[in-house]
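Sequence annotations record features per position, and here TrEMBL assigns domain 'SLC26A/SulP transporter' to 86-384. Annotation source TrEMBL lists transmembrane segment at 67-88, 108-131, 138-155, 167-188, 200-219, 239-260, 272-293, 331-352, 364-383.
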Amino acid sequence: MAAVTPDEHERLQDGHCRARVNLQPPAPAAARPFGAAVRAGLKDTLFPDDPFRGLGGMPPARRAWRVARYFVPALDWGAGYSAASFWYDLLAGVTIASLSIPQGISYATLAGIPPVIGLYSCFVPPLVYAVMGSSRNLGVGPVATSSLLVASIVGGKVRASDDPRLYTQLVFTSAFFTGVLQAALGFLRLGILVDFMSRPAITGFMGGTAVVIMLQQLKGFLGMTHFTTKTDIVSVLRYIFHNTHQSTVLGVCFLIFLVFTEQVRRRRPKLFWVSAMSPLLVVVVGCVFSFLIKGHKHGIPIVGTLKRGINPSSISQLKFQPEYVGVAMKAGFVSGMLALAEGVAVGRSFAAMKNERIDGNKEMVAFGLMNLIGSFTSCYITTGN
């Protein structure tokens, strides 16, 4: 092979450089219409985890199955459910029920509705969430914040003492609007709105709610015979000595027992079930004691007889008349947003502890359907707790 002279080598390099310089740039991509670009940008920003993005080329049956599995997580975990998991779930269910029964009664009283509705609200909504919910550790039922808000907003229109039937119907209607709001936010994948709610404001509101609840429960705890409807400390303390000592002694004894069982749980975590069962034990012992001594004859107020049977239908009791729909929507939307924020926050806290992840939009759909079905079955607003 002939040797390349320096001049030829320089000409070859110059030719390669020209070839590289003369390469034609790729043809520019066709510009998308402005509207399509805006829609694509908004979709990538608001819905970066859209689970339905890849369903376009699937057969209709498979597409429907994927959508059903997304909205009904029970279709996923139900196939691999084992007998061992059942026994753990049974123990957890009994433990949660021991808390839900007394809480349901007390929160219903706080909301100004019959105590049996609190029990109804601890039955149907958990069944719906068991199928629709994505959190494995979240319990659902009435909570203090929603109970207090509903009582405050609906009570501004109709007082429970003046017309208890209409008041209860408006509470059911507010649960309906809560379900509509929560389900709509979930289907539209607007779970991001919950993240913008101020956590300090929610925490402060819940702390203030705890103080108000404590002051309101003093009437039953101390057996006050004269009690003001105001919640300021001065008005409450003015009537603190107008009480029945039987209720006071009984309330103090049960409070000491509850505090003691909580201390047992903290010092010996393996005995957590003692603290979990203590509220139900207090209810059972209190009922038996009141029955044996005829407590209502000795100044101890009692709940009274509760209706037997499962939840009756309440569809016909929903109030959509113009004079009532406004207050029902207000109570439902305000309580629903706070309940949604509380439920999603609790669910995410449990998920972080277990190194899991829950979808806020799925939770919104589950909470929404839970409250919608609950409003048809004599339940009021419920959420995760």
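Quick reminder: no glycine exception, Cβ is built from N, Cα and C everywhere.
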*May I ask for the residues of the chain that lie six or more residues beyond the transmembrane segment (167-188) and have a Cβ under 8 Å from a Cβ within it?*
111-114, 117, 150, 153-155, 157-160, 314, 317-320, 324-325, 327-329, 331-333, 335-337, 339-340, 361-376, 378-381
*So which of 67-88, 108-131, 331-352, 364-383 has the most C-beta pairs under 8 Å when paired with the transmembrane segment (138-155)?*
108-131
_For the transmembrane segment (108-131), I need the partner stretch with the highest count of C-beta pairs below 8 angstroms, choosing only from 67-88, 331-352, 364-383._
364-383
